[in-house]
């Protein structure tokens, strides 16, 4: 219990720590730290029943391994989890315990630990591994919030009323065991007293030999000695009935010699029993040392395996991080490439729209030029018809002039007018033909430009 005092001295002055310690032991854990520890034993039976209700599979596995639930819960309850779980978790449990004013939080915390680490206990193969694993897991319960939350919210059915009923149920059996133990203890103390007396009698038998030679005149001394022997014999009646020495006792001639022999035999048996008990205690101590040493070796091997697994997991984690960094770099590069592609696509779309606009403008100009050409062709046709008419008229005039009747009447002014009209018609015709050829060449150039623009658009789209 020095851990209790040490914890309290860390938090308050010495006198306050002392009276707090007294209050905790007397008010919160009354009957748990007495000589017989009755309430502590009752709590162990109550916790075992709660374990059977909540975790039957785990209890069956522990019983199969030969592990009793009280071996696990006993140190937890007696130490109030001090040095069993990390200090932060201990203080959180104590907060709830002192606030509620009862021992309900003890049971809830123990059940919460069993719920957290029960699946790992089911995989163990022997008792040493189960106890060692649970101790190591409980000692690594650093998440006090999870522990308190699991204890308070996961086991709301564990109340003070239910614990009181279960205590009333199991207390009579504990009291019966304590009384039986006390009765056996008294018998053992009486047997040790008788053994010491028989030991002294075995090494000093002269008073008993002198009793046989006492005279009738010493009746008073004899009468005082006889009750003493009778009292010794009455104390040994219970033990003498268990000795199978009837045949040997019958062979002894004198009753006094029978008593002496029986006392010597009883002393020998008691010495053998005491030696056997001491030997058994030595063997039990040696066995426990061997078990502890074996557990240490297994725990060391298990720690090495866990450290190796942790190293492998750390290496795997480092590889995963490297892969993640490489993937992030690839993703960033892809994003940049995608952004560049998107920008190029937008620029191409803008250029295509500009080219389409230019093509549309050129198409309009081309249509206007075609309309103009059509009009010019109509004019050319009209001019050609006029020219033909003029030529016909001129040929007719020439014929008329060539005749003798009309020749003299034709004036030079008329001839010059006709010649001027003929020359003007030919020049106008040649001019219109030149314009039509220029328009046709411009039309061919615009069509070639449109075809070039379309081919450029197709190349950009590909």
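Cβ atoms are placed via backbone N, Cα and C, with glycine included.
Automatic, uncurated: that is what TrEMBL annotation is.
Segment annotation: TrEMBL labels region 'Disordered' over residues 397-421 (candidates 372-396, 397-421). Sequence-distant contacts of the signal peptide (1-17) (same chain, at least 6 residues past either end, Cβ-Cβ under 8 Å): 24, 33, 79-80, 82-83, 90. Under DSSP, residues within the domain 'Rab-GAP TBC' (1-101) fall into helix, strand and coil as 77 helix, 0 strand, 24 coil. The average pLDDT for the coiled coil (296-379) in the predicted structure is 90.
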